[in-house]
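Below is one structure, written out as C-alpha cells; comments come after it.
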C-alpha cells in the first residue's frame, strides 16, 4: 500500500469537512495499530474494499463530536439516527473520493455504520492498520485504513 | 421451416388411404343408389304390367258386353291404350327400350337380365304374342265394329284372354317380384359395401391412432430423455454455458454453474450487455458486443477474430447481497453454432479462473519473496544466531518506540521536529545494528527512512500528514523484520545456523561481528583499523543490557572510525602507524555498576570545527560561541543536528549518532563522558548504575 493510496482516503474525510462551517479538520501523525485491538469510538462508518487491495477503511468518531457537527450543519436534531446518517455520509464521501481517484481496481462496497463496542469491527489480525488521527475543533476522531496488498 | 416428409410419410399415407376409402364408398353409394333408383322404376312398371294385364282383360270384357256405341268406343279406347302400353313395356323389359312412365313421360328401361325375370318374360311373350295377334284385329277393325267377323274375333280374344289372363298376371307378378329381388340384392350389396368401407375407414383410423400415438409417445420420451440428459449436463458442468441469439440475448437453457459464477438468479432472455453491466468496464462490455456481432457475420473467419475477444481473461466485481463485491477472474469463450451453413447462435462458455490467477499471482509473489528470503537466509546463516535474535528483538522494540512517538499528539512545528529527531535517533541505532550484522538490506532501508526524516526535519512547516510516508516505510520495515524472524524461527526448529537458544548469561558472548563491522566501515572510508575488544565475556549481563550495549558499542565504533581515525596517509604524516586502533572495553565495578569505554588513537575532536558547524547550523550564535567552555563545546556534540562530517553517507554525516547514543544512555539511567586530545585520540566512557542493571535484569 502506497502513501498515495492512504492520502486518497484521508482526503476523502477532509473533503467532507470542507462542507462544514469549521472546515479545519486537522490531520495528526499517522501511526500503526495492531488489528487485534482496532481503534474505535462511538460510531464507525465502514467501507469494504475488494479488488487488488482487499480490506476496509473506516471513519470513527465520538458522539460529542458528531452532535457538534450536526449542529454546525444547521440541523437541530442530534438523535442517534442522525449520527448514524452523518457517519455514513462521511464514509460515503471517502468511498466516492476513492472511486474517483483510485479507479476500477478498488471496488468499494456500500458503507455500513457500526455503533458501540470496538469488538464489532473485525480486521484481519495478521495485518496492521494505519490509524490517522484527526481533530475537528477539540474532538478527536480517526480514519483507519487496513488494506491487504 | 422445411417440412420433413420422410418423417411424416406414414401418417400422410394413412390419411390418404382413409380419404380414398371414404371416397370409394361414396362413389359406390352413388352408383348403386342410381341403379337401385332405376330398378325401382322397373319394379313400378312391372307392377303396372300386372295392373295392365287385368285392365286389358276388363276392357275386353267391357267391349264384349257393350250395349251402345259409346260404351264400345270407351272400352275400345281403353283396350287400345292398355294393349299398346303393355306391349311396349313388355318389349322394353325384354330387350331394353323406351316406354311411358305412369306420368306419361318417356322412360328408358334396360333389358332384364336375371334368369327368373328372363324366364317370366319369355313365358309372358309366348302367351302375349298370340293374345296380341287376337287383339290387334279387334283394335284395327274397331271402326268396323258390329259385323259377324268382329264378334267372332272378339269372342276368340275374350276366350284366349280368359284362358291365359291369370297366367299372364302371374308371370307379370313373377317379373315384379324378380325385379324387386334384384333391387333388394343391390341394396344389400350397397349396405355391405358401406359397412365394409366404413369398417375399413374406422380400422384405418385406429391404426393411425395407435401407430402414431405410439410414435408420438416414443418420440416424446426420447425428447424427454434428451432433455433430461441436457439438464443433467447443464446442472453438473462446472463452466457457465449458454447460447446467445443474434440480438445477443441469453437463451432459455444455461448451466447451473453460470448462476453461481455470476451470482444471478434468472438469466433467460437477459441481454448479454445487461449481464456484463457493472461487473466489467464499459469499454470491455462494448468491445464484447462488437465482437459477438462479428461472430454472427459469416464473412468473418472465427480464427482471425478470436484474438479480439475482450473477455478472454477479465477481472469482474460481482455485487454481493451485503453490499460488498466478490472479485473473480473469468474467462469467456465464444463459438459459433452453425446449422445448415447458417450461424444460428453463439455458444458462450464462462470459466471461473480465479484460482488459477491467484495461484499464478501467488507463485510470482512466492518467487519474489523466495529471492528476498534467500538473500535474508544467506545473511542469517552467516550471522551469529544469538546476535541476530538480539537484533530482531531490538528492532521490534525500536519500531514500537517509533510507533509510540508517532502516536503522541503534536501541535506545533517544534513538537513535530522533536518527534522527527527522536525517531531519527531510534532508526539510526537500528541502522547501525543492521550494518554491524551485515543485514545490508535493513541498513539500506533504515538509511532511506533517515532520508525521509531528514526531509521532514528540513521542512519549514510540518503537519501530521507529512509523516504518512514514514509510517508506510515503517510498516514495510516491520513486515520485513517479521519475515526474517519467521525464517530464524524456522531455522531454529531445523537446528540450522547458530540459532539455537543459549543461556541468558553472556559467558560465551562473542563479538566477531564488531570486528567485521569495523573493517567494513573502515574500508568504505578508505581507512585501516584494528578493533580490540575486552571484558565482554567477563561481565554477566541481562539480555536487555546486552542489547543496549551492542547498540551503543556499534554506534561508538562507527563514530570512532568515521570521525576519529585518520586515513593511512594522514596517519603517516602524523607519525602514527597507518593502521588505527579502536579499543573497546567493558568493566564491572565492585558496586555492580558497569563502564563501557571506546577509545581511538585518531585525530581527536576538532573543537573549532564543532563550534563552526554549530554556528553554521544556527544552533548557537557567534557571540555565544566565543564564551563556550570545553564542557559546553563537548555538549554540542550531542545535539541532534550536529555533524562535522561534510558528506552524508551510510556511516555518518547527519550528526544524529551522538544524540542517539545519549538518548539510549539516558534511558538506561547512565551518563557519558568524552575525553579528547587533538592529534592523539578520543575516549568515550559510558557509566551505568548498578541498580538499573539490577532492575532491568529483574524485569
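These residue numbers are counts, starting from 1, taken along the chain as shown.
From the backbone N, Cα and C atoms, a Cβ is placed for every residue, glycine too.
No curator has checked TrEMBL annotations; they are predicted automatically.
Pulled from TrEMBL:
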DOMAIN    B:380-491  domain 'HPt'
DOMAIN    B:555-692  domain 'Histidine kinase'
MOD_RES   B:428  phosphohistidine
TRANSMEM  B:12-32  transmembrane segment
TRANSMEM  B:192-213  transmembrane segment
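DSSP assigns residue B:428 (phosphohistidine) to a helical segment in the three-state reduction. The Cβ neighbour count for the residue listed as 'phosphohistidine', using a 10 Å radius over every protein chain in view, is 29. Helix, strand and coil residue tallies for the domain 'Histidine kinase' (B:555-692), in that order: 53 helix, 31 strand, 54 coil [DSSP]. Remark: secondary structure over the domain 'HPt' (B:380-491) totals 97 helix, 0 strand, 15 coil, with classes taken from DSSP.
Mean pLDDT of the predicted structure over the domain 'HPt' (B:380-491): 86.
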